[in-house]
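**Student:** Here you go, one structure.
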Amino acid sequence: MQRITITLDDDLLETLDSLSQRRGYNNRSEAIRDILRSALAQEATQQHGTQGFAVLSYVYEHEKRDLASRIVSTQHHHHDLSVATLHVHINHDDCLEIAVLKGDMGDVQHFADDVIAQRGVRHGHLQCLPKED
């Protein structure tokens, strides 16, 4: 491990210290390492051809015209990416789905875009993790 020196604006340093405290980091170095790892992982997952894992979460109205069947159709069309799906009934109208995906990150992003773009899908979020060798 190497020791480096960085220069930060006062406002940015305040934000870093606040983040470190909220997340329970013992020091700034740990927080900066995690932030950097997260940024590098995100960049790696945006490269087509990169293999990895992802979690796609979204809320949808199950009574919306044919929405549930369109989502299922999209899932079946990309069956090779799906590892598991959790379905939660939030209330009478809304469902939360959490899909664990595995494969080429470009294909995973395409699948997520297909689902999130469906009319009636809200709060779509894709969290990607590159496969570590």
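Yeah, the Cβs are placed from backbone N, Cα and C, and that goes for glycine too.
Not my notes, these are from Swiss-Prot:
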| type | residues | note |
| --- | --- | --- |
| BINDING | H76, H87, H89, C95 | Ni(2+) binding site |
**Student:** Counting only residues 6+ apart in the same chain, whose Cβ is under 8 Å from the Cβ of H76 (Ni(2+) binding site)?
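**Tutor:** Once residues fewer than 6 apart are set aside, H76 (Ni(2+) binding site) is near nothing.
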**Student:** Going by DSSP, give the three-state secondary structure for H76 (Ni(2+) binding site).
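**Tutor:** Looking at the DSSP assignment, H76 (Ni(2+) binding site) belongs to a helix.
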**Student:** How many other Cβ atoms are found within 10 Å of the Cβ atom of H87 (Ni(2+) binding site), counting all protein chains shown?
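**Tutor:** Within a 10 Å radius of the Cβ of H87 (Ni(2+) binding site) lie 11 other Cβ atoms.
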